[in-house]
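Record features, source TrEMBL:
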type	residues	note
TRANSMEM	16-37	transmembrane segment
TRANSMEM	43-62	transmembrane segment
TRANSMEM	83-107	transmembrane segment
TRANSMEM	119-136	transmembrane segment
TRANSMEM	219-240	transmembrane segment
TRANSMEM	261-285	transmembrane segment
TRANSMEM	301-323	transmembrane segment
TRANSMEM	344-369	transmembrane segment
TRANSMEM	494-516	transmembrane segment
TRANSMEM	528-549	transmembrane segment
Amino acid sequence: GGSYPQKNAEILSSQYGINLFLAGLLLTFAWAVHAVGISKSHLLSYLITLMLIQLLWMLWYLCRSCTQRRLIRDKDTHAGARWLKCGITLFAVITLILDSFKIGYYIDFSNCLSPAEGVFPVTHAVHTILQVYFLWCHAKDIIQSFKTLERFGVIHSVFTNLLLWTNGVLTESKHQLNEHKERLMTLGFGNITIVLDDHAPQCNCTTTTLCSIFSQGIYYLYPFNIEYHILASTMLYVLWKNIGRKVEHHQQHKTPFKFHGITVGMIFGLMVLTSTIAIVVVYLIQIGGSKIKSELALTMFYLHAIFVLALMCTAGIVALLIYRLEDRSLDNSKNPARKLDAELLVGTAAGSWLLSWGSILAIICAQAHPKYTWYNLPYSVLVIIEKYIQNLFIIESIHREQEKVNDDIKTLRIVTISRGSTLSLTPSYKEIYNGRAARDSGEVPCLFKGSVCGRDNGGGAKEEMSPENSSVMHSASDFSFYSRNSVTNNKRRILKNIAAFLFLCNLSLWIPPAFGCRPEYDNGLEEIVFGFEPWIIVVNLAMPFSIFYRMHSAASLFEVNCKT
């Protein structure tokens, strides 16, 4: 009875958000294809309106929270981790730099740009600042009042960020497309023709140098803006799912990140990161220069990626084998943040899988095969396998229960034995805390697993074990305990190093597509098989998910490292 209206509110708010998003998506598409009567100012006006509505809702929520700050509120301890907030803050700062570049660009071209193009970056900057503050303060909230209204406010924020993400992806993709045809021409694919559009202003810039800096700098900052909005939408979605949720109050163990014990994984990961940056720089310089240089750049990229993906597959298999050797139960408690993480991993991986299967099919069906295209086959296969293995490792890791200290170890007593004297028992600090009731009742503390213990002899007299026997049993118990503890620590250390290595590898593989190093565009074989426009559409749809997958995997692996 009580949950029925709230379920209706959830369904209504989700439908409201979907329609809001679809309207904006069609408006974005209409601008991209130069639909009659639709200009960029219409799209920006729609986005400005959505951001202003979200700003009003966030201000209302913040004011209401300020008046009720003395009330004790439920919190979702799994949502809005500190490292996630720090990450979104970093992306937000770079997004503010992007907005400042857009403002400067508008000032230089103000004679032929609509006022909406000047208002948009200002509104977006204010929206970014307030949203980051809101997420820092309230990402963990479990809203229990004004639930129907809050559902609409939060879902509006979710889809506003998704539309801003879509707008950023489209603008960045159009810029990549403008450079793509020139690269294909250098590779000899002259039979591919398409009319490119750049939506460039139809007037001269007031200061040429500044205009060049702003126009070029904007496209290097877009990858961070794209990641900022998708992270914000996921955090807000978790907040929406938590509205009206009843949580079980239990102690949440803090899992701080520590560099201790992950030196090997960090060293190998940093080596991959450094080499990847070098490969990207060389690729961007060489590609499009000449046919020979472009082919060498593609070959270099494929060989490096094959090596890195093979290492990642090996590391993931080792981690899964260690999990198979352990007998630990999974945590199946309701957790919206963890469920969303798993769904995003599998859902966004589909983007890479689509591109990989397209490349495999193109290699099989193509009549002519330039030498460099054969490296694309093992690369595409490894991309599919690596994501299979990594997804399984991450999802199992975030669902595994944290290791708990055994109750017998908690009550371990430190026994001091002196030959020829009475038995001396020295309790540990944990015994004083955990075993206080036992001593008050007159029980004699014992050493765990068969060490010194007072035993009754029928008539009630207590018989003490000989020092020799107790020493042998004490040594055997210690050896068994420390050997088990040593094996467990070694497994944990290996898993932490693997998580650290995969974390840096995913950051490394995020860099190339985010900054324009995209062999799916440049090798030309897929365009010959599928046609230029169909393949470009597939790449433009799948690539944003592929880029987000790497960043989301890096964030999830950071959490795995903290939890292990």
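Even glycines carry a Cβ here, placed using N, Cα and C.
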Taking 119-136, 261-285, 301-323, 344-369 as candidates, which has the most Cβ pairs under 8 Å with the transmembrane segment (528-549)?
344-369
Could you pull out which residues elsewhere in the chain have a CB under 8 Å from any CB of the transmembrane segment (83-107), counting only those six or more residues past its ends?
113, 117-118, 120-122, 124-125, 128-129, 131-132, 135-136, 139, 206, 210-211, 214-215, 217-218, 221-222, 224-225, 227-228, 231-232, 235, 257, 555, 558-559, 562
Before we move on, state whether the transmembrane segment (494-516) and the transmembrane segment (261-285) share at least 3 Cβ pairs under 8 Å, counting only pairs 6 or more apart in sequence.
yes
Do any residues of this chain, six or more beyond the ends of the transmembrane segment (16-37), have a C-beta under 8 angstroms from a C-beta of it, and if so which?
43, 46-47, 50, 152, 155-156, 158-160, 162-163, 166-167, 170, 174, 197
Six or more residues beyond either end and a Cβ under 8 Å away: which residues meet both conditions relative to the transmembrane segment (344-369)?
234, 376-377, 379-381, 383-384, 387, 391, 394-395, 520, 525-526, 528-530, 535, 538-539, 541-546, 548-549, 552-553, 556
